[in-house]
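Report on the following structure.
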């Protein structure tokens, strides 16, 4: 609604300009008419002079006969016709002037009415804008207060997390020491009590190492799934926002159709989810396939081949859209508003996109090599880590160039708000893509030793890779060996059953990797620490009270001993004083207990009040900050509105001055025309009188001539 009113206001301003132009045109016509009137006045004066000259000639030529009088009559008739034409032309000019004046008045009245309507509409829109501004300011203040509360909460949570991490580390060290002790004890019991142990320490160490490899592989795969999920989300956002930008720039699809190249490019970008989503799904399946009961090496992980195929399909997708990306940037360079600096940034982005696509192709080759059985996996992993770092650098460089390009685009006059929003979202997706690739490269470099080290499943000292059939047969032999040991084992009451020993061993091994158990232990430790802190405060207060009580008891005992010594002297008054002293001591003890209870309750109340006051102070501080910001914004808006009011008053004053000037000029012109008409009427009346006088004189002359002829 506001946009429509602004458009209508702009159109009305254009109409007002056109009316001003027509008014100036009418003024120019009036000036030309006044100039024409002046010429006519001069012409009339010349005619009057000629008439006066002719009259003088007529008086001189009275005696010349009939021909001069006839010539004077002809000249007079010519003057009469010329004067009649001038009178008709003057009337026509009066009519035109009156019509122009009426039209100008009507237009002025219409423009004033329209101006009043526009001022009313402007006031209504300003009220709506003020309401929306107030609403947005309230929302901003509420969000700022929420932010302040969250910052306070985050700071407290950080302190709490640091203390929890310290406690959990201590608890973890204790658990590790306890587990090591239990492992040593269990190993000694197994060595002493298990009757069938044909592999001795080597088999036990190999079993423990294989289990550690399985757990480590599952943990690494889980971390990789999290990083790849972030990468997939960033890629989806990047392709989607690129598709939106193609529909907006350089041609807005809502106004005019985009080029066929960009239409095809947008169609391909719309299919990005079909190539990006399978990366996350296949890696999730790979993580789920790694369990404690399997042998995890590159040759036995079949899901890795699915991930390699999905990554290859996404790389082909990037190769397919690369030419369209380059051509789309070339179209942007061909627009009339594209500056030289913007064209340079587009060329840099073209090279960045080529580099990113080549990095994905290299990653595809390395992942395909890992999915195939080979003996040089360590070299492939090393090259893969270097390629991930190169990919991170390329995307970081592309993000930097895109930021510079967006800064240059903001300076163009045709940039719309939709394009600004889409560009900001695109830059945000590039930032997420940079962060996710950096995390993946760092993660891969940190675990490179695990990827390149031997897993211990192959023959000792051999270089032959373990294929899936060998892994399956090895698992079957392990199960058969466990069943055989369980079958030939004799029950011994003094030893632990083999199943229970295996379950205990599995529990002991998995407990080191159990995060839930550690979390529960941390929570219990925190509760215990809080309880101990309360007890510590309580016993510190008890110790202080006990010290005071001990001093009083020592003083009282000393007094009692002195009184007892005096009482032994046989004084009955001393016995009475002793009894009263005992009664007073009991009263002091009860009073101390009451004072202690009162002050403990008072301390609890003050602590509660202090916490409430702190929370209120934080809340008030955030409110004060929000009010200060709101006041600053209100001051700025007030200054802006005062400037607008000043400009409006200046415009009104200027329009009033122009109106008064125009009115004054019209009145002056009308008065001049009226005076001129009056003078013309007077001149005409004088000329008529002179003509009548001449006619009468000519009649008298004719009559005198006729009488002379009769006398003759």
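Even glycines carry a Cβ here, placed using N, Cα and C.
Annotated coiled coil per TrEMBL: 101-135 (among others), in sequence order.
According to TrEMBL, the coiled coil annotation covers 515-570 (among others). Per-residue pLDDT, averaged over the coiled coil (515-570), rounds to 76.
As annotated by TrEMBL, coiled coil applies to 624-665 (among others). Outside the coiled coil (624-665), and at least 6 residues removed from its termini, the chain residues within Cβ reach (under 8 Å) are 23, 27, 108, 133, 137, 140-141, 144-145, 148.
The annotation compositional bias 'Polar residues' is assigned in TrEMBL to 1-12 (among others).
Tertiary proximity for the compositional bias 'Basic and acidic residues' (14-28) is limited to same-chain residues at least six positions away from its ends with a CB under 8 Å from its CB atoms, namely 100, 103-104, 107, 111, 662, 665. According to TrEMBL, the feature compositional bias 'Basic and acidic residues' maps to 14-28.
According to TrEMBL, the feature compositional bias 'Polar residues' maps to 66-75 (among others).
Among the features that TrEMBL reports, domain 'Protein phosphatase 1 regulatory subunit 21 N-terminal' is placed at 1-83.
The region 'Disordered' annotation in TrEMBL covers 1-34 (among others).
Residues or ranges marked as region 'Disordered' in TrEMBL: 54-75 (among others).
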Which residues of the chain, 6 or more past the ends of the coiled coil (101-135), have a CB below 8 A from one of its CBs? 2, 5, 9, 12, 16, 19, 22-23, 26, 637, 659, 666
How does the compositional bias 'Basic and acidic residues' (14-28) divide up by DSSP, counting helix, then strand, then coil residues? 15 helix, 0 strand, 0 coil
